[in-house]
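According to Swiss-Prot, the protein has these features:
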BINDING   Asp88  Mg(2+) 2 binding site
BINDING   Asp88  Mg(2+) 1 binding site
BINDING   Asn224, Ser228, Glu232  Mg(2+) 3 binding site
BINDING   Arg313, Tyr314  (2E,6E)-farnesyl diphosphate binding site
MOTIF     88-92  motif 'DDXXD motif'
MOTIF     224-232  motif 'NSE/DTE motif'
SITE      Phe85  site 'Plays a critical role in the stabilization of intermediate cation'
Amino acid sequence: MVRTRPTYIYLPDTAAGWPFPRTVNPYYEETKAESEAWISSLYPFDAYVQKKFNACDFTLLASMAYPWLSKDHIRTGADLMMLFFVFDEYSDVASVKDAQEMVDIVMDALRNPHKPRPKDENILGEIAKQFWERGVKTASAPSARRFVDYFEGYLKSVVEQAQDREHNRIRSIAEYFDVRRLTVGARPSYALMELGMNIPDEVWEDPAMEIMAVCVTDMIILDNDMLSWNVEQSRGDDAHNIVRIVMEANKTDVASAMKWVEDYHNLLKKTFLDVYNSVPSWGPEVDAQVQEYARGLGNWVICNISWSFESARYFGKEGRRIREERVVAILDKPVLVGVLESDA
């Protein structure tokens, strides 16, 4: 019997029952104007592509991810999202050699934010330099160190992803999570929540902190991959996506893979909330910072889901409708992705 290709997919409502509400930083509009003007002034894309890039509203992502940060710190968050997604557009089509060169440039800029960049260098160097030269001024020393370390881990994983792409490698589910926990960029993003904090190293080493971070990272992966799969599969670029990974590993169809995503998401949700409600105490001053950080982790889940539907990146102008109806037509012809995905 010939199995026909489905024409629609159902998107599970993974936000159902999540106790953290969608919240937007009060400095969103002001920061959006400043950050978009800044990235546009560096000309990472031509005018047409830059317009599409701005339509994705990465400042909204930052403003929902960091709703309680100060004006200076939310600007750092917005600029980080610009760096992330410009790098993503460049590296998604890069060879291993080119990806490694980009990584070396960006890391040199982050380690030496006051050093002028060579005029003939990839623009990523100047973007990273200006981002961190401004951001490090208002970051605590521990948070700055942790951010740079985590960002290096993210960059190295992108080279690993390029290697997979060159060799047409489809990972096992476990192998996929090993690299995806890095390529999703969650850890450096979490580090920005610490910009004004001074949480001792012994606290970071507590298992509860790691469990919460991993649970949220995995939920972000599941939601991001579930919501971006349709666009990615339409251009044959879904090898680095949990939906495709599960379909291959379990020899199943997209509907069953989506159900797998939903079930695992529910397990992660319960695990996170159990740990969140039983975090150890380290004294009033540290506890207040830990609570703020843990709340920020929980907020990242709803932030990621909300932005995915509200921006133009994955669903164009149809995001709000699709979020309500949960059904989307499977794309069956090549489309442009990333900043060129929609005409919104």
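Using the three backbone atoms N, Cα and C, a Cβ is placed for every residue, glycine included.
Apart from Asn224, Ser228, Glu232, the Mg(2+) 3 site neighbourhood in this chain, defined by C-beta within 8 angstroms of the site C-beta centre, holds Asp225, Met226, Leu227, Trp229, Val231, Asp238, Asn241, Tyr314. Closest by Cα distance to Arg313 ((2E,6E)-farnesyl diphosphate binding site), from the recorded positions Phe85, Asp88, Asn224, Ser228, Glu232, is Ser228. Helix, strand and coil counts under DSSP for the motif 'NSE/DTE motif' (224-232) come to 9 helix, 0 strand, 0 coil.
Model confidence over the motif 'NSE/DTE motif' (224-232) is summarised by a mean pLDDT of 96. Using a 10 angstroms CA-CA radius around Tyr314 ((2E,6E)-farnesyl diphosphate binding site), the recorded positions that qualify from Phe85, Asp88, Ser228 are Ser228.
Between the recorded positions Phe85, Tyr314, Tyr314 has the most other Cβ atoms inside 10 Å of its own Cβ, all protein chains included. Around the Cβ of Asn224 (Mg(2+) 3 binding site), a 10 Å sphere holds 20 further Cβ atoms from the protein chains shown.
Between the binding-site residues Asp88, Glu232, the minimum number of other C-beta atoms within 10 Å of a residue's C-beta occurs at Asp88.
Glu232 (Mg(2+) 3 binding site) is 16 Å away from Phe85 (site 'Plays a critical role in the stabilization of intermediate cation') when you measure Cα to Cα. In this structure, the CA atom of Glu232 (Mg(2+) 3 binding site) is 14 Å away from the CA atom of Asp88 (Mg(2+) 2 binding site). Taken residue by residue, the motif 'DDXXD motif' (88-92) breaks down under DSSP into 4 helix, 0 strand, 1 coil.
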